[in-house]
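Taken from Swiss-Prot, the feature active site, charge relay system covers 79, 154, and the record attributes it to sequence analysis. Residues annotated as active site, acyl-ester intermediate in Swiss-Prot: 178.
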């Protein structure tokens, strides 16, 4: 039995039945990382000794017949912008190279409380800015289905770790699609929760009104398990909602009779690969055959979402990243003439091209002469997009669309084509701008590459997403696929 190919709920079953030890599971994953990660590039840091130590502690509890917790003995990878005490937290940037976190993020605390085994920190686009993980300052992450293709981004390492069987579960962050798009490209399940459902405390900020931590797993049940473990109010993050977190496992039923699903025409227009369209339309038919009521709908302002997103996120990034200046935080240049030179050279040496591009754009739209024309107007557009979604959700329980207009593209194909790269998030960005939840799960294969189905629902209706996603998943076998790597 290959332990690395099992889901979290399968591992929980054999652990609780004492068919395997937590240490055995952990060592299997560490061996797998040592075997394949030089080619896949999922990890930036591996915490081997600590992982084995924690696994041994869980084995002692099992021997004493103590009750296991939600994640006991389950190997988890953490994106390298989420703090884990004693581990590096570089955001895949040279400016934070060598930084070790002195504390745990709230989500990390929750994973540790539920006895998940944290294997290490995962590769990403620098400061979560990118859609391919090609912007990592340290190494490329490769798609396990085809090593010549990208895994998506910015949580590319998080997707590769799960798809490449280097972790059972992982955490990513989603600002404009950074959990859902790599989940789609790598053939796994990824959730962007409602803004405020999961704490951002201890997560290095990119766009503070957009960032959300998102769970990733091999199937819907795994994703629901991790969401239940980390969701909820955090008094250290005033943007978290004081709303009870349901037991998402109860949502995992095959009953979707009467659920109303909207199909927005704006998500099926020009630019969508025809084979992707066909795969998504076939998935919609499955949901309809299983009892859902499917009707067309319209979100007419979606064409403006991408522009609003890049204005708002870049403005917030320029503000958030101002602290990395060589004085307060981050790399300090060794060759400087005066104080101004420290700032200039430290940031020039420390940040990559994409981060510099977005800082400059953000600074521009926040400047006195352009604030009203760009940033203020983008906030107004955002409000209208939110209203658009609310209007649709008066008539529908969920909306279904492709996650990405294409399957995974080749490494280097879009690296120098900024607009083409940005357009790869065209179906995920509107959801982030509105702050509503969405899940991506596999719905097909095209030329050996996975296709992602995106299901979107109203605020704090993650249970609806899990219900519909689970129903579809149980009707097909795409979630059982494993990259032959």
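Every residue, even glycine, has its Cβ placed from backbone N, Cα and C.
Known features from Swiss-Prot, placed on the structure.
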residue: 79; record: active site, charge relay system; DSSP class: strand
residue: 154; record: active site, charge relay system; DSSP class: coil
residue: 178; record: active site, acyl-ester intermediate; DSSP class: coil
- How big is the Cα-to-Cα gap, in Å, between residue 154 (active site, charge relay system) and residue 178 (active site, acyl-ester intermediate)? 5
- If you measure between the CA atoms of the residue listed as 'active site, acyl-ester intermediate' and residue 79 (active site, charge relay system) and round to the nearest Å, you get 11
- Query: 10 Å Cβ neighbour count around residue 154 (active site, charge relay system)?
  - Reply: 35
- Message: Taking only same-chain residues 6+ apart in sequence, whose CB is under 8 Å from that of residue 79 (active site, charge relay system), what do you get?
- Response: 121, 122, 124, 155, 157, 158, 170, 171, 172, 173
- Item | Around the Cβ of the residue listed as 'active site, acyl-ester intermediate', the count of other Cβ atoms that are within 10 Å | 36
